[in-house]
Amino acid sequence: CAFLLSHEYILGFSSNIKYFMSLFFGSLALHPERVLVATGQVGKEPYICVWDSYTVQTVSVLKDVHTHGIACLAFDLDGQRLVSVGLDSKNTVCVWDWRKGKLLSMAPGHTDRIFDISWDLYQPNKLVSCGVKHIKFWSLCGNSLTPKRGVFGKTGDLQTILCLACARDEVTYSGALNGDIYVWKGINLVRTIQGAHAAGIFSMNACEEGFATGGRDGCVRLWDLNFKPITVIDLRETDQGYKGLSVRSVCWRGDHILVGTQDSEIFEIVVHERNKPFLIMQGHCEGELWALAVHPTKPLAMTGSDDRSVRIWSLIDHALIARCNMEEPIRCAAVSTDGIHLALGMKDGSFTVLRVRDMTEVVHIKDRKEAIHELKYSPDGNFLAVGSNDSSVDIYGVVQRYKKVGECIGSLSFITHMDWSSDSKYLQTNDGNGKRLFYRMPGKILITNKEELKGIQWASWTCVSGLEVNGIWPKYSDINDINSVDANFIGQVMVTADDYGIVKLFRYPCLRKGAKFKKYLGHSAHVTNVRWSHDHQWVVSIGGADHSVFQWKFVPDRKLKDTLHIAPQESLVDSNSDESDSDQSDVPELDSEIEQETQITYRRQVYKEDLPQLKEQCKEKRKSAASKRRERAPGNSIRLHFVHGYRGYDCRSNLFYTQTGEIVYHVAAVGVVYNRQQNTQRFYLGHDDDILCLAIHPLKDYVATGQVGRDSSIHIWDTETIKPLSVLKGYHQYGVCAVDFSADGKRLASVGIDDNHTIVLWDWKKGEKLSAVRGSKDKIFVVKINPYMSDKLITVGIKHMKFWRRAGGGLIGRKGCIGALGRTDTMMCAVYGWTEEMAFSGTSTGDVCIWRDVFLIKTVKAHDGPVFSMHALEKGFVTGGKDGVVALWDDTFERCLKTYAIKRAALAPGSKGLLLEDNPSIRAISLGHGHILVGTKNGEILEVDKSGPITLLVQGHMEGEVWGLATHPHLPICATVSDDKTLRIWDLSPSHCMLAVRKLKKGGRCCCFSPDGKALAVGLNDGSFLIVNADTLEDLVSFQHRKDVISEIRFSPGAGKYLAVASCDNFVDIYNVMSSKRVGICKGASSYITHMDWDIRGKLLQVNTGAKEQLFFEAPRGKKQTIPSLEVEKIGWASWTSVLGSCCEGIWPIIGEVTDVTASCLTSDSKVLATGDDFGFVKLFRYPAKGKFGKFKRYVAHSTHVTNVRWTYDDSLLVTVGGADTSLMLWTYEMEGHRDSRQCDSEESDLDSEEDGGYDSDVTRENEINYTIKALSTNIRPMFGIKPHLQQKEPTLDERPPVSRALPQPEKLQTNNVGKKKRPIEDLILELVFGYRGKDCRNNVHYLNDGADVIYHTASIGILYNVATGSQSFYQEHNDDILCLTVNQHPKFTNIVATGQVATAPSIHVWDAMNKQTLSVLRCYHSKGVCSVSFSATGKLLLSVGLDPEHTITIWKWQEGAKIASRAGHNQRIFVAEFRPDSDTQFVSVGVKHVRFWTLAGRALLSKKGLLSSIEDARMQTMLSVAFGANNLTFTGTISGDVCVWKDHVLIRIVAKAHNGPVFTMYTTLRDGLIVTGGKERPDGCVRLWDLNFKPITVIDLRETDQGYKGLSVRSVCWRGDHILVGTQDSEIFEIVVHERNKPFLIMQGHCEGELWALAVHPTKPLAMTGSDDRSVRIWSLIDHALIARCNMEEPIRCAAVSTDGIHLALGMKDGSFTVLRVRYVVHIKDRKEAIHELKYSPDGNFLAVGSNDSSVDIYGVVQRYKKVGECIGSLSFITHMDWSSDSKYLQTNDGNGKRLFYRMPGGKEVTNKEELKGIQWASWTCVSGLEVNGIWPKYSDINDINSVDANFIGQVMVTADDYGIVKLFRYPCLRKGAKFKKYLGHSAHVTNVRWSHDHQWVVSIGGADHSVFQWKFVPDRKLKDTLHIAPQGKQPTQKPPTKGWKAGSLEKK
């Protein structure tokens, strides 16, 4: 259309948007600089636009994260970051770097709706959000958003918070649903301003002057900076006010206030004239807006809505001039012809007529029950037609005061549209079925006679059905998709409104389907009505749900302007217009070549990316294969030597000169760098499928290539080193068809071949996607970045020319405006010109289009046929087309300076090869080094000298599959035949050229040389075959006995007497070559023939078929023979190309159902079998390949199926052809021992080695650990029963409920503090931790500060130990077991530590070891946990490895919290992954039976398996540790004690038995030239020192030292100066000074194996005793912070007790016995079979109570040498806790049911009389059940959640230990439920026991699985200090270092 519409005015305001504010109730935010605005939309894939409010241009688009819609937006203080909240079920919160379009962090917001979010403008990285019954305070650290819920406490009610504003000093103000304002300090509610508003506060705005709030009560209140009231403005009392006014948005600046209301009004209030608000904007509000009418003579529009109001708008003044409220919702409107009456159709079936002048009612009529949907006055003004939803049209006489005069019946559905004829005699209607009916007026007669309808002139056209509007309906549309139409008869245009929010402009009439249109966006959902103004200057449209009235200016073409009397509008621009997206009927048919190209499909049934998943599905096969011994892969190998072919048939502009003058191009999956002087090639082999596009960097040194793939990748690689620099993936599906570098080389644009042809702009070095957008539904051929502005680009394709501009994370596109110069053509190529505005494109019709900005200014005829390629020069252009002509043009395309025709006659005399045809279609052109490079569709590359001569450089087959391949019997030549109908002879000698070519009548699939090499047989696709002269390719003889494809052809050996010809119709014909007769037919195959081989004698033929049959036929008659497999092996075969049989069973892969082995060929020495398969792999196997799934070497270069492989006559080369990739590849055959410096060609067998990789119990246990996540941990004891605090009565046995195994629900923070008791003001401070995690970790002990400090971890805390003072400090931000720790070695990041933990969604914390400040929290993509972390050489990157099944490896920019790259690491456990200490891109991972060498390329991780090379007896063992040497050396420690030395990724040496057991740890820095290793030693040595070439220096045997013991196993080593830190599996940390190696200093020790349960404290001394499943009992000094005694027992220890006098220590064992120790052994008694769970001495010291797991308590007399004196029976479950009374006369117990029982002592009789129990004083309280401890049980807790309690009677406090790793401090007694507490984290999972020290100064707690002993300092309130005799806590005394050289002599056992 030569017209356009322009937005002129929008009437209406959406009440859920604040007007230019950074705090809002809806998705709009204003940038702090007050120019940029961010808006978020609703939708399935919603996005956020940041736009300039002056230019109204998009600045950034943020997308691909939220779903459903955007609820809230807010900029931070400096405007760099934007936070958004989604409308998804999790109300996701996202933080963006909006300029880059980059997501910084994301987290679930809340389970219910969030209404507002704001940055704390005074605290960076802090946010606050509020919503339904919550407020959350967020911290942003790294990529982690961590929320804390606001604590309402008693200050205010828990209720919905609607809005908020942040102030200084961590103060936040929030508006509540009840009208109160809540004031928060930190996360606590500290004050309530009650009754701030009478109802909900919807909006709060902070400014320099203070705060403004607006609420449902219609008031705006102003507050000062301390939130003290300034003034109130009640809008309901103002001039514009009305009842029910509700304020939704406020903005305060100076003395002006902007107010938005729920009823879609915007007011501006000047404070000193508050009663006179100025109405800026208004619109309709509730319900839907359907009614629209225009005045017949004036520029007025009338609208009516479900909000019951009718409004009249002036289109000139842009104002509301009248409003009237009706009784019912309004659905339609019409104005009488004279403009006096306005008729309104109501939703209830009535209609009302008003006078337009004063809006007074004329008449109100109700004849219908259903809604009136359409009204229309007749042109003569006499009648009003009223169409209703009950399928009828009523006719009313206007002059008869609207008396009903007729009724039109005939429709079967509701009436939608109506039009009168010009003479008012006819009426046409549309209904809901899309049916069009005609009536004679006013007689209401339905007209069916078509003749009568001819020639009717319609007064208007608003119907959506009819011949005149056929073309407005898009394909596949619903009958109701188009809501409204209005035709402009004078302008011959019409507008439509549809359900998709689009207004469209068409020609009128619009007869043909698929008509062109312009579309205009702005409305959100359905556009309900559209009308032209009376003078056709404007179009008015209304939105149903958006309530908006849009006024569009109509800009006609120049001819029309005179007719319409409209002044020329120079300033108007097209308003968000887009061209038609329908089929364009006037576009010419596509050129045959282009049509053919668009039909090509690049989709695969199976992609190479699917292979790991497919192999995983074949697990059982893998296991059975791995269990059998298989022949190893051959020692010989092949290397790609030369490739014939160039991909031109479906690519363009993919051929360039490099910096050094070499030529770079692609074919198959290979990037080729060709040296034309030396006729040699080098190859980039990083791709694994067809390369479809290639672009060169402006400096001509780097190349980008894009490939086919499910998640297709783009590789940027160096043409000199042939190494990848970056790999980009994740955004294109199926393939990448176009790429282009920016002029500065920093950016890359790419286009995918997905359905939307997605366009992506990359920062390729960082591997970051900058922007992405859906390009077009039709194919895009080329993308070009503007050389002057890298934010702009163009794309061309099928009927497509689009200009794009980057906007943050998106691209904004505009179609090229063709205007009157032509029609939208298919564009094949494009370049930019001499300015940023100029662009040039080549079309499919041979024209060159010249563009300025987006406008076509000129076309030039350039070629006959499509212009496929175009290249820009400094002054001019070069073009190439289908006509085979290269044309040079001046810089304006006005003159063609020179042309070069590509013809055979123009070939230079010395040119090698043969040009297949004259004037081949040109697909690529490039200039450089004084020549023009030309690539043709026929697979040729030519070099054109500017003086004229042409040199042929490269040749290959054309489009079509290549199957036929034969090598000459004694010359280095081969023959190929293809579906491109050519037979070609190739020279395999260094000249590498095509010697001869012959065109065939049909394509061919096979060929074969005769034994003497003089004849060549060729099988064709029509069932015929030829025998030609091998030199001249002239026919010797031809036959045709078959109709189907000839699939294989073979001469018999020797004289070549017979020729066997196999066809796809299941037969093999045998011909006598001498007599030229068929002499035999081989019958019996049930499928087509695939392979054939003769025996040496020429008497027997072996045949393979498509049904995988192996058949044998006798020659020449073709009699079928049955030969056993053993006999087959004995037969001498002239060749072996078969793929079936026992000799080659092993060549079939594990996923043989998915892929076929298509070809094989055996070397002449019968040792190596080469195969080709459907995945494009060439493989080498040892022959015979017996047994399933043989080992192999694998090579990737072909893209999909390798159709044939053949060895040359002397086995020096392997020749392979690719089917669809059309390439012929030559591979050099290298013998075993020959090592080329490039090892990248080969990939070892993809089956895991069947060797066991070695065995060690510790490694096996570590590999099989199932890490329990604290939040998901189940009970540690199998218990049942009812919660103590819920017990009403003692249940009988039958009444006991089954225990629920459901997870406990999380405690809500605010409900923890609801109790009425005062919060305890006492506190616990972690003072010391005994323990170190060595059992399943490594490399987790490090020096800091030049050895002054040591960093390590245990449980969930990181510990910094000062060597000089022995003091500890702690990092306590983790919430579950820390599994790994590393230290940043870069001097810029001194003392920076990273730790990774166990969790369902684990996190990595990066923190400063000195001040314990968290620098970054990385929320992981791993599951279960993080098992290894490592910093890169520069310290900026962090590597992490997960415990998920794929053992995902992730690289982070830890400072930004950004994930750089992630990839599955291995399906077996990875133990360690470490960066090389000199690299940021290379690292190594080791684990179960594997080692991998990784490279970070952009955002991709590329890996290579470790190659075992040819070292004798080398096998892939389980690798446990890694270290690095100079010159790219890597050392890996194995399970057997060997150390493997690797150069790059190839094994070059094995240091046998470096240790005599597994090498668990290695350490090197490359600085001091030393490597330290540690392992599990069997006979000798634990720590060894080596030089950087791994030659031994010294051995340190820790077991021979003072601290040594048998079985010591080293897990971590660290070297600094002459000091070595050693961490052991038994939780010890030693420091060794090398010159005093026999005197290691013990820094730390702890319990190790099993669980730690036993804890007791000395009654009079600061000592704690612990016992564990590791069978050791240990005594710790709480003052000296040291272990002072240790004794090993025979059995695991489960509980402990110290006698009242402190002399005896009783230990309860797991086997049911108990032992009592003194300084010497006292007694060992075993009366029970099950574990002893609790021991307790009586206060008078006479008795020991022993509680066991077999439900009884035994009483022993201490003075009777522990003779049993009583037994307590009564529990139905195992005994868990016991307490004696102070007088030793009573004992109370708890059991596994939670039942509390009482016994009289010492006899053990149960006490049931409650009176007897009154007044008992208990000596201790450790029971978890009882009235006194009711309040310690949280809601929803399980009976077993609390493991231990200990009361401090003096301090009236008690501590508890639970299954969630928490120690809690309560008041004692704790009677009421929901008591307040303080909680202390540090233990990882269950805390098994907790006790007060004798003087109540300390609390000691122990962790079950973390084996750690925590010592907490008790800080009482001041009153208590005197009672407890505790000195005030000033400066802490210097702690003594731990006692050196402890001995197990103070406690002994016989």
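Cβ atoms here come from the backbone N, Cα and C positions, even for glycine.
Because TrEMBL annotations are produced automatically, they should be read as predictions rather than curated entries.
Residues or ranges marked as compositional bias 'Acidic residues' by TrEMBL: 576-594 (among others).
What TrEMBL lists as compositional bias 'Acidic residues' is 1242-1255 (among others).
Annotation source TrEMBL lists compositional bias 'Low complexity' at 1928-1941.
Residues or ranges marked as domain 'EML-like first beta-propeller' in TrEMBL: 27-268 (among others). If you average pLDDT over the domain 'EML-like first beta-propeller' (27-268) in this model, you get 92.
Feature annotation from TrEMBL assigns domain 'EML-like second beta-propeller' to 289-553 (among others).
According to TrEMBL, the feature domain 'EML-like first beta-propeller' maps to 680-943 (among others).
The domain 'EML-like second beta-propeller' feature in TrEMBL is assigned to 962-1229 (among others).
Summarising the annotation, TrEMBL assigns domain 'EML-like first beta-propeller' to 1367-1631 (among others).
The domain 'EML-like second beta-propeller' annotation in TrEMBL covers 1652-1913 (among others).
Look at TrEMBL and you will find 571-594 (among others) tagged as region 'Disordered'.
Per TrEMBL, region 'Disordered' is recorded for 1237-1258 (among others).
What TrEMBL lists as region 'Disordered' is 1925-1950 (among others).
According to TrEMBL, the repeat 'WD' annotation covers 211-226 (among others).
The repeat 'WD' annotation in TrEMBL covers 291-315 (among others). Taking H, G and I as helix, E and B as strand and the rest as coil, DSSP gives the repeat 'WD' (291-315) the counts 0 helix, 16 strand, 9 coil.
For 365-396 (among others), the entry in TrEMBL reads repeat 'WD'.
Here TrEMBL flags 860-890 (among others) as repeat 'WD'.
Under DSSP, residues within the repeat 'WD' (1195-1227) fall into helix, strand and coil as 0 helix, 18 strand, 15 coil. Across the repeat 'WD' (211-226), DSSP helix (H, G, I), strand (E, B) and coil residues number 0 helix, 10 strand, 6 coil.
With a threshold of 8 Å between CB atoms, the same-chain residues lying at least 6 positions outside the repeat 'WD' (860-890) that come near it are 591, 593-594, 652-653, 828-833, 840-848, 850, 896-903, 918-927, 932, 934, 936, 944. Mapped onto DSSP helix, strand and coil, the repeat 'WD' (365-396) counts 0 helix, 18 strand, 14 coil.
Per-class residue totals from DSSP over the repeat 'WD' (1654-1678), listed helix then strand then coil: 0 helix, 16 strand, 9 coil.
Note: the repeat 'WD' (860-890) comprises 0 helix, 20 strand, 11 coil (DSSP; helix = H, G, I, strand = E, B).
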